[in-house]
Amino acid sequence: MVVLPLFFAFFFMVQGNNYQPRDEIPYVRKYFYVGGQYADDGNGDHIFRDQMYVEHLVPTKGPIKQQPIVLLHGQAQTGTNWLNKPDGGRGWASYFIEHGYECYIVDQTSRGRSPWVPENGTIAAIPAETIQRLFTATARYKLWPEAELHTQWPGSGVIGDPIFDAYYASTVQFLKSQIQQETTIQAAGAALLDRIGRPVILVTHSQAGAHGWLVADTRPELVHSIIALEPAGPPFENVIYKGPYSRVWGLTNAPLTYSPAVVDPETEIVKQTIDDRPGSHCIIQADSPPPRQLPNLRRIRTLVVTAEASFHRPTDWCVVRYMEQAGISVDHVQLGDIGIRGNGHMLFLERNSDEIAAVLRRWMEEKDTKPAKKAQEAQGAQGAQEAQGKEKEL
């Protein structure tokens, strides 16, 4: 069935700004769940846990691009990040559908429409003031050198501003355990790629950067490329988010496949600290013994995108350096360096989000020379497969 995205969600909160939304892009929408398993509830009955909600959006005339896009949101967010923006504007799902891509949008396990049960572990929420400081009003707080360059968030970015309130109302609880979140996403994400059955483009944001590496590590043959928007980092430590030693596997908290193999990352991954950039150190692998490689990620084309004013600006270079050291071919686009100014961590929700999406699209398409006909044939084969499954059409 053809539907129009509900871009009027929260519209009552922003109508005082006289925002005039553009017409949305029509698409065919389906949803389904992947992963998970039955578990004993402790009373002799069973519950289903660790499943992941997936929303599948397809251009009404069918996709004309070879690879589907799988969009993975960050911490305290849901898949609504990719639909419409809190100011009422079109989101990235509409942008990519308009350009011929089919999109799969997930809610992380134990998040949003992916049910949480007590057995999944303790949950937490991000206070509005933290969102202001790190995402939406960074110029007010100046917690890192580039923070004052932030100009692209619509509105003031603080409590009481209707656009901020609309955005903050969309944030949700999340699992406190990063390992629990990563391992359940890894399993559910692998199940999603198995269901799609052909190589995809993973677009990850923030916390989901780790999820993308893990899913690709599990199903490298089903990942065409990865676009990591300000991925979780830097390796082995937290900088802005102060806390305990983190990402003991370098890019993740959960195990990755290294060569030579690693059992105990804290002792087997030998580290060094470098200070290649003023005011920003970086922990990477030591030069001796030779750095361990990430063989399942080496063949996957990867793009890391960093916004000019984000708290990732001082540290994303370190993530890229670690990846290169582990044998991954990675492109790093710093938006400020190509004339896209003023963006923060939530760059896909900001005023110039389409301009940034165009950068991603050009990168995707310059590497993809396969004819569109094959995409349509693959879509037809997938449709026949889905008709036999439990997918529910809205």
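From the backbone N, Cα and C atoms, a Cβ is placed for every residue, glycine too.
For reference, Swiss-Prot has these:
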ACT_SITE  S206  active site, nucleophile
COMPBIAS  366-376  compositional bias 'Basic and acidic residues'
COMPBIAS  377-387  compositional bias 'Low complexity'
CARBOHYD  N120  N-linked glycosylation site
REGION    366-394  region 'Disordered'
SIGNAL    1-16  signal peptide
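Each residue contributes its Cα atom, and for S206 (active site, nucleophile) and the residue listed as 'N-linked glycosylation site' these two points are 22 Å apart. In this view, the densest Cβ surroundings among the recorded positions N120, S206 belong to S206, judged by other Cβ atoms lying within 10 Å.
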